[in-house]
Protein chains: 2
Amino acid sequence: MSVTGPRGFRAAGVAAGLKSSGDPDVALVVNDGPLAVGAAVFTRNRVVGAPVLWSRQVVSDGVVHAVVLNSGGANVATGPQGFADTHRTAEHVADLLDVSAGDVVVCSTGLIGELLPRDLLLDGVSAASRALDPDGGGRAARAIMTTDSVPKTVHVRREGWSVGGMAKGAGMLAPGLATMLCVLTTDAVTDHADADAALRHATRTTLDRVDSDGCMSTSDTVAVLASGASGVQVTRLELQDALTEACATLARALVADAEGASHDIAVTVVGAETEDAAVAVARAVTRSNLVKAAVFGNDPNWGRIIAQVGTVPEDVAAFDPAQLDVSVNGVQVCRAGGRGEPRELVDMAAHRDVHIEVDLHAGDASATVWTNDLTHAYVHENSAYST
Amino acid sequence: MSVTGPRGFRAAGVAAGLKSSGDPDVALVVNDGPLAVGAAVFTRNRVVGAPVLWSRQVVSDGVVHAVVLNSGGANVATGPQGFADTHRTAEHVADLLDVSAGDVVVCSTGLIGELLPRDLLLDGVSAASRALDPDGGGRAARAIMTTDSVPKTVHVRREGWSVGGMAKGAGMLAPGLATMLCVLTTDAVTDHADADAALRHATRTTLDRVDSDGCMSTSDTVAVLASGASGVQVTRLELQDALTEACATLARALVADAEGASHDIAVTVVGAETEDAAVAVARAVTRSNLVKAAVFGNDPNWGRIIAQVGTVPEDVAAFDPAQLDVSVNGVQVCRAGGRGEPRELVDMAAHRDVHIEVDLHAGDASATVWTNDLTHAYVHENSAYST
């Protein structure tokens, strides 16, 4: 169902020749209204692509009529020419749909530092506009894939309205979102302020806590469009709840498809003084190549885990190293900062999901961050990607 | 020559049976004076082993007579029993040498979370004391190896005095030093204040800028002992200069031997507003798995490099993304935030050393951080290490 699950949207995905494989590479999502509410969050990287520079301005007035996306090139570090290409793409969409270019969000993903082939791209946009379909969400989701092995879509149903979504990303997932493009749609009646606040809350605890390899991308964009076509007025909290559910589903799908991973790892920190402290400790663990390599080896190496916990400064997270407990898949292998149950009790080989829980014994707050193990396949994919 | 290069020192390395391989695993370095000046720096990890807890106290009065080191077990996360073992080890050395236990530094390296076999260790210490030799530095360097493929030693000669040293470490190298044990010796005449200041300066720009995989260890210790046996009084600056040279040599040796690496990477950041800013940007690049995997693939992927530069917050390092230059092995592949010379001009396959230079165009400060590429062998070693 993807982005065309909710009413009031059409979408398309076509092959424009940007990818040498000939796979679909241009997607278009159009909001047919009656509302044209839009909001988005972007990477916090200071080096961003032309599409992010452009789209930040587009969403600032809260009106978005369409999102055009391409794979096969990120249009990052491409200078004024790259920005002109993004601008031209938005204008072309605007002409085809008879809307303002300033209401068209542009997203690009792929290699950094290469100009997009403008003519191919614009022809692809034309073809996409001709192919727009109220059932086109699945094809759009395919057209934004890069190293993804499967398209990622979601449809969260509520009483009389729903939230749909599609996302791409399979590596370079990190705070500040990831090399992740995500478009969410809803037919609920809402306004920009509510949509923006609900989206920020939804991403903060889901997509922003996926940390596949600690590398923050230059292109991450998560946009939400509201058509109001259901006629159902929703509260900010209702919208936030549905968006959070949609983002959580997409986040898990991104982790499950991360480049070359053999385990999905959830690191939950409990007993923290604050949620921020819990997130900081969880991120320290998910960032450790040694922990991630140990998980690949099916080794519940709690020594490496507490060594990472110890790298978090005292002003960021309070804890007493002598009180740390660590469980792996439910077995408390580290108790009070020392050896707990025998590590042999932990069965990791039979499960793709690995759950690491760290108890700081310093408060009541908790948080979970998701990552993957570090595998030979990860090294292979990321050493061969651009050559 | 190692730690017995300078006059006034004896050392030994013996096999005590802590390593299942039967390789040497206990080392002893003794300062025969006339001075017994000592200083040390330790990991900044909050989770530290019993040896670090003990040795921090030992060096606080500036008097050190001996350093005892073992491989085959880190004695970390071992609770009161682990601390008692460290204490007992120091007492045993003190009895054998007729010095105070409070003047004996203890270092341990190996797996976390396991108690050391105390009897084997103490017997090994006895054997090491019997084997003490003014030429024993090489054997001591061998006994502290873990996954190291070669012992690392250094001897820096000055007019009438010298600095010797040995180090172990081959992975888990990161700020806060690394899983690195390093003992430096000098026969210069100096005092605790000068030795301490000189050591801190020397490590700050060398060993502390080696960042093999971003993982800060629980056991890192760099100690310096001064015997005064040369009779040559040195200034703080002279000592600092020789210690810096010794530490730089050992740091490069550690990087060159890092687990499973095929390239040594030096990331130099120039044009920074401050040295701290340069270090922060360089560390961001050396921490990137994507950059490290690209180097393994002999791919001068400047897009991944500037994406990492962009993750450094504005209050940490000033720069304009549109002014960034990046050179790889002397070829400026990124100019003014965009494409520069063709990446095909960069020959990485033929060289183990890779030099990445980032120019921020924001000032006159610079710094270099060293790391390695991310390889299949790294994943293999670190997924199989403790199982």
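Cβ coordinates come from backbone N, Cα and C, glycine included.
TrEMBL annotations: computationally assigned, not manually curated.
Features as listed in TrEMBL:
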{"type": "BINDING", "residues": "B:Thr146, B:Lys168, B:Thr179, B:Glu259, B:Asn382, B:Thr387", "note": "substrate binding site"}
{"type": "ACT_SITE", "residues": "B:Thr179", "note": "active site, nucleophile"}
## Note on the structure
Reduced DSSP state (H/G/I helix, E/B strand, rest coil) at B:Lys168 (substrate binding site) is strand
### Most Cβ neighbours inside 10 Å, all chains, among the binding-site residues B:Thr146, B:Asn382
B:Asn382
### Task
Report, in sequence order, every one of the binding-site residues (B:Thr146, B:Lys168, B:Asn382) having a CB within less than 8 angstroms of a CB belonging to chain A; if no such residue exists, report 'none'.
B:Asn382
### Query
Same-chain residues six or more away whose CB lies under 8 A from the CB of B:Lys168 (substrate binding site)?
B:Ser71, B:Thr109, B:Ala141, B:Ile144, B:Met145, B:Thr146, B:Asp148, B:Pro151, B:Lys152, B:Met180, B:Leu181, B:Cys182
## Note on the structure
DSSP, reduced to three states, assigns B:Thr146 (substrate binding site) to coil
### Query
So, in DSSP terms, is B:Asn382 (substrate binding site) helix, strand, or coil?
helix
